[in-house]
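Visitor: Just dropping this structure here.
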Amino acid sequence: MALARCVLAVILGALSVVARADPVSRSPLHRPHPSPPRSQHAHYLPSSRRPPRTPRFPLPLRIPAAQRPQVLSTGHTPPTIPRRCGAGESWGNATNLGVPCLHWDEVPPFLERSPPASWAELRGQPHNFCRSPDGSGRPWCFYRNAQGKVDWGYCDCGQGPALPVIRLVGGNSGHEGRVELYHAGQWGTICDDQWDNADADVICRQLGLSGIAKAWHQAHFGEGSGPILLDEVRCTGNELSIEQCPKSSWGEHNCGHKEDAGVSCVPLTDGVIRLAGGKSTHEGRLEVYYKGQWGTVCDDGWTEMNTYVACRLLGFKYGKQSSVNHFDGSNRPIWLDDVSCSGKEVSFIQCSRRQWGRHDCSHREDVGLTCYPDSDGHRLSPGFPIRLVDGENKKEGRVEVFVNGQWGTICDDGWTDKHAAVICRQLGYKGPARARTMAYFGEGKGPIHMDNVKCTGNEKALADCVKQDIGRHNCRHSEDAGVICDYLEKKASSSGNKEMLSSGCGLRLLHRRQKRIIGGNNSLRGAWPWQASLRLRSAHGDGRLLCGATLLSSCWVLTAAHCFKRYGNNSRSYAVRVGDYHTLVPEEFEQEIGVQQIVIHRNYRPDRSDYDIALVRLQGPGEQCARLSTHVLPACLPLWRERPQKTASNCHITGWGDTGRAYSRTLQQAAVPLLPKRFCKERYKGLFTGRMLCAGNLQEDNRVDSCQGDSGGPLMCEKPDESWVVYGVTSWGYGCGVKDTPGVYTRVPAFVPWIKSVTSL
């Protein structure tokens, strides 16, 4: 019995030793330590098959314990099966070939080469550590092979010191940003000296990001705030990590954070663009990616807006089209033609275009671009878009520039023909250029981007002239600058005067458009060549506009008698201007002529509106007073007692009067219908006489009327022979554009005998 007890004690002691020496023999559900509470940094299973979840870093290697997320044990692993390379701060993340592992959540669902074991439990994990998912073999990971395809490989668990931690900061996505390294316990940046696309290739490879690697300079993604860790990085592009590249020692540099380096690793998808064949990263032949192949873009219909969109998508703010001959040749397919962008696209293939591969071009027509960064606050980069708006043709208009995503205007302070020469040169025009000020082509509606622009006239682009900060100004849109390119001055000679005089009256020698003073719109220059204005001479004022008038011949002007009520009929107090368009801008066809004689109808009384008509004789020898030209021509007189409602059509009023907001600086025009005599009598009762007529649109939403500044101006109607006849002189009315109160005009046909007796016309 004693012997049996001894044998039993020996057996139990042996089993106890074995149990203590082999904890693996316990049930896999047994935990030798108390289970810790759940944490956002750990994921728990009732077995050791799933590795702990860790927060994702771009390359999660070697982070000090104080800054590492807590990693808790999930159980014991047999020492004969290495489930992962290293532990804690030295986990492995490269194959035994030295190629970086892909993140588990970046592996596509379909693979050409199957891995050694199921990896379903790792699918979607936000890290790239080597693992043996089923615990049955060596740790492995996915990587991208030399052909760019996803493959798998075993990991080298003795890979030594971990690579530096890298992250991208300040970009719009995880594929771009300022490059930052983690070294000696803190994040820091890289100086952009020698920084190029080869360096970007290595960074993208080390991060496990595929696609187009592009280097960025001058703190493109913003300035960092930590130390500058590296300088003079000179990778060949074939290295597996930045550690393998020639570079400065850690912490050695001669830079500031304005030179922080950045990269973008753009995924290769259809519509991605790049610049190729240039001497730098910001210039080259424009190429677009489609179905696994790069191709070029034909320049048919290419515009500045297309350039802006392409450069913006490439990360720049502006650009200009460059000759493709400046860049290396291409034997790639021509993918796109007839591209037209609106400026709002977020992908190049959102621009209007032909179908992929449809074109009628050769590579001599490939689009070449040079892109530029944003303004630095003092000047704009060459090539930012400019345009001319609201001119009569594409060679003239209000100057607008595209800055920070918005079209805006330029203030006309100091604006001269030298500025116009630069604008026209940038737009490709080589002829004479003329500046226009005071919103000559109308007021813009966007921001005012520039003021106090200074040009010598020799600059290639407006950007070279800008001296004041973008957006700083002390102007309103009434001071918007404009230009006329390829300007041709056409003044009539004396022989030309005789030709025009002999050819008759009421001729419009320039193109016309019929738009609608209240309810009206700007006229074209020269569209109403008989339009004149009566002005005060400086002895009585500042030469300001008093009334409109109508040129009847080189020496006679028709206007309203009430225009002389305030300042009398002394001819030396007045001047007449003809050929005018913008009241504040001197123009080549404009003439200001003194007054020799004022003839007011003898029946006119200042306290009444009847007989409101006057004639003005201009100063000049014989019958040569105003020089006639395409912009200065006489109107025709009607027949005596002619009834314009039956013989005329297409009637217009013109002038610089009240537009509903203010007095206009540019000549206004408005189409108005002549109204029946009975209608006018009903509205104005005894105030309306047989020597008057009324006209105007009476609808609530379409009222057009002449106002105070247009007094004395013409009411013109077109005859069937296309000559224009003055049927009315703007006289009076109840306000401007008031409902059911049309403008009243002196009926010119009733005064034809008197006009001819005074003027001998």
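Easy rule for this one: first residue shown is 1, then count along the chain.
Placement of Cβ uses the backbone N, Cα and C atoms for every residue, glycine included.
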Visitor: For the record in Swiss-Prot, which of the ranges 133-144, 325-336, 337-348, 505-516 is the region 'Zymogen activation region' one?
Guide: 505-516
Visitor: Candidates are Cys547, Cys555. Which one does Swiss-Prot pair with Cys563 through a disulfide bond?
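Guide: Swiss-Prot says the disulfide from Cys563 goes to Cys547.
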Visitor: Looking at Swiss-Prot, which one of Cys694, Cys707 makes a disulfide with Cys680?
Guide: Cys694
Visitor: When DSSP states are grouped into helix, strand and coil, how many residues of the domain 'SRCR 2' (273-373) land in each?
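Guide: Result for the domain 'SRCR 2' (273-373), in helix, strand, coil order: 19 helix, 35 strand, 47 coil.
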Visitor: Can you check which residues sit near Cys465 (disulfide bond), meaning Cβ under 8 Å from its Cβ, same chain, 6 or more apart in sequence, and list them in order?
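Guide: In sequence order, the residues whose Cβ lies under 8 Å from that of Cys465 (disulfide bond) (at least 6 apart) are His419, Val422, Val453, Lys454, Cys455, Thr456, Glu459.
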Visitor: Compare the Cα of Cys505 (disulfide bond) against each of the disulfide-bonded residues Cys424, Cys651, Cys680 and report the nearest.
Guide: Cys651
Visitor: Select the closest residue to Cys235 (disulfide bond) from the following disulfide-bonded residues, measuring between CA atoms: Cys101, Cys141, Cys424, Cys485, Cys680.
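Guide: Of the disulfide-bonded residues Cys101, Cys141, Cys424, Cys485, Cys680, Cys101 has its Cα closest to that of Cys235 (disulfide bond).
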Visitor: Of all the disulfide-bonded residues given, namely Cys130, Cys191, Cys245, which is spatially nearest to Cys651 (disulfide bond) at the Cα level?
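Guide: The answer is Cys191.
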Visitor: Ranking the disulfide-bonded residues Cys141, Cys155, Cys424 by other Cβ atoms within 10 Å, which is at the bottom?
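Guide: Result for the disulfide-bonded residues Cys141, Cys155, Cys424: minimum number of other Cβ atoms within 10 Å at Cys424.
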Visitor: At the level of the C-alpha atoms, what whole-angstrom distance separates Cys130 (disulfide bond) and Cys141 (disulfide bond)?
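Guide: Rounded to a whole number, the Cα-Cα distance is 5 Å.
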Visitor: Which of these disulfide-bonded residues has the least crowded Cβ, counting other Cβ atoms within 10 Å: Cys101, Cys636?
Guide: Cys636
Visitor: Closest of the disulfide-bonded residues to Cys155 (disulfide bond), Cα to Cα, picking from Cys255, Cys311, Cys371?
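Guide: That would be Cys255, the closest of Cys255, Cys311, Cys371 to Cys155 (disulfide bond).
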